[in-house]
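Here's what TrEMBL has on this protein:
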type: DOMAIN; residues: 19-160; note: domain 'Lactate/malate dehydrogenase N-terminal'
type: BINDING; residues: G24, A25, N26, G27, G28, I29, G30, D50, N109, I132, S133, N134, M242; note: NAD(+) binding site
type: BINDING; residues: R96, R102, N134, R168; note: substrate binding site
type: DOMAIN; residues: 162-327; note: domain 'Lactate/malate dehydrogenase C-terminal'
type: ACT_SITE; residues: H192; note: active site, proton acceptor
Amino acid sequence: MFTKVAARSFSSSASSAYKVAVLGANGGIGQPLSLLLKLNHKVTDLALYDLKGAPGVAADVSHIPTNSTVSGYDPEGLEQALTGSDIIVIPAGVPRKPGMTRDDLFNTNASIVRDLAKAAADYAPDAAVCVISNPVNSTVPIVAEVLKSKGTYNPKKLFGVTTLDVLRASRFVSEVAGSNPVHEKVTVVGGHSGITIVPLLSQTEHKSLDQETRDALIHRIQFGGDEVVQAKNGAGSATLSMAQAGARFTGAVLDGLAGERDIVEPSFVDSPLFKSEGVEFFSSKVTLGQDGVSTVHPLGGLSDHEESLVKEAKDTLIKNIQKGVDFVKQNP
Ligand code: NAD
Ligand code: LMR
């Protein structure tokens, strides 16, 4: 706490100093994500927590000369790690091995995320929570149910991080189009697994791809995670690209909290878009503001093909979301 107060007192305005906690900071994602967050000048207090090893990661990144204090915490320090956090990023949990789906991680990761959500509710009830741990389609509802049970749920401040799908879409589209990926902006909606990932190519300049090329591109975006899992051959899933995605999304949430305007990223949030059809959470573009989500944007115009992809995604999402809700009901 002292470090945060000290940092704020030296900043020109209170809205340029933020505490970010990374839960699972010693992992394949956690380490590079911590590095990238150390490079974000809005972060003045970086709290790194893991079951083991976080103090070492903290000592390492703390030598980078940016204006933030870095602290590492083992389990007995969870309260201290979380207290005063503006954003909590959660990459804690096990990754896939070849042959597994993200849903196969549910049994292990559901309880990890549930317990961290309980701690978040107890020690940082106002923090924005960014969930990376898979299966995101279920872990986000798990966090929501826990926070509801604790009376601290703020739907504007809970995010499933789907940014890696957006990064992949930019990259893979550029490979097909021969364009610069930096300039390829693709909106990806739905959820974060297989067919629930729906890139809206009709909203890009590449709406006239032949059907075979289009379908192959969509499939690659939907199953890009498998490429990495297979290439790592048992050593885990995407970590470095995910760290970049997580840092970009956390940076966008920070920009919104700081009052910057027109900060828009897709994210899997408590969404009004398809609630009437029973889909409580859905990823679409959201505008990020000082209180978290300020606007959940509609999907915009879709091709007939995209309409059918979104429909399929919704059917699967309803089941994935219910699985998370049921887990918390049965295992409070
Ligand atoms: P990893 O095994 O390398 O690291 C996970 C870390 O979490 C480990 O350091 C472990 O000690 C820690 N951990 C486990 N239980 C914990 C707990 N209760 N409290 C604190 N820390 C705990 O795995 P990884 O490659 O970093 O992946 C982490 C998760 O992120 C996986 O579930 C993976 O599927 C998911 N992931 C999501 C996306 C996405 O786009 N949202 C992308 C890649 C990976
Ligand atoms: C990804 O999309 O790379 C992650 O969700 C990890 C995985 O299991 O594929």
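First residue shown is number 1, and so on along the chain.
Placement of Cβ uses the backbone N, Cα and C atoms for every residue, glycine included.
Close contacts with ligand 1, defined as a Cβ under 6 Å from any of its atoms, occur at G24, G28, N109, S133, M242 among the binding-site residues G24, G28, N109, S133, R168, M242.
Across the domain 'Lactate/malate dehydrogenase N-terminal' (19-160), DSSP classifies residues as 65 helix, 28 strand, 49 coil. Close to the recorded substrate site, the chain also has P95, P135, H192, S193, G225, V229, S237, A238: residues not among R96, R102, N134, R168 whose Cβ is within 8 Å of the site's Cβ mean position. In this entry, NAD(+) is bound by G24, A25, N26, G27, G28, I29, G30, D50, N109, I132, S133, N134, M242, whose most widely separated C-alpha atoms sit 18 angstrom apart. Between R102 (substrate binding site) and G30 (NAD(+) binding site), the C-alpha separation comes to 18 Å. Between the CA atoms of M242 (NAD(+) binding site) and R168 (substrate binding site) there is a gap of 10 Å, rounded to the nearest whole number. Residues from the binding-site residues list (R96, R102, N109) with a C-beta closer than 6 Å to any atom of ligand 2: R96, R102.
The separation of H192 (active site, proton acceptor) from G30 (NAD(+) binding site), Cα to Cα, is 19 Å. Fewest other C-beta atoms within 10 angstroms, among the recorded positions R96, R168, H192, are seen around R96.
In the three-state DSSP classification, M242 (NAD(+) binding site) falls within a helix. Here the Cβ of N134 (substrate binding site) has 27 other Cβ atoms within 10 Å, regardless of which shown protein chain they belong to.
Taking Cβ-Cβ distances under 8 Å and a sequence separation of 6 or more, the neighbours of S133 (NAD(+) binding site) in its chain are G24, I90, P91, A92, G93, N109, I112, V113, T139.
When the alpha carbons of the residue listed as 'active site, proton acceptor' and R168 (substrate binding site) are compared, the span between them is 12 angstrom. In the three-state DSSP scheme, R168 (substrate binding site) falls into the helix class.
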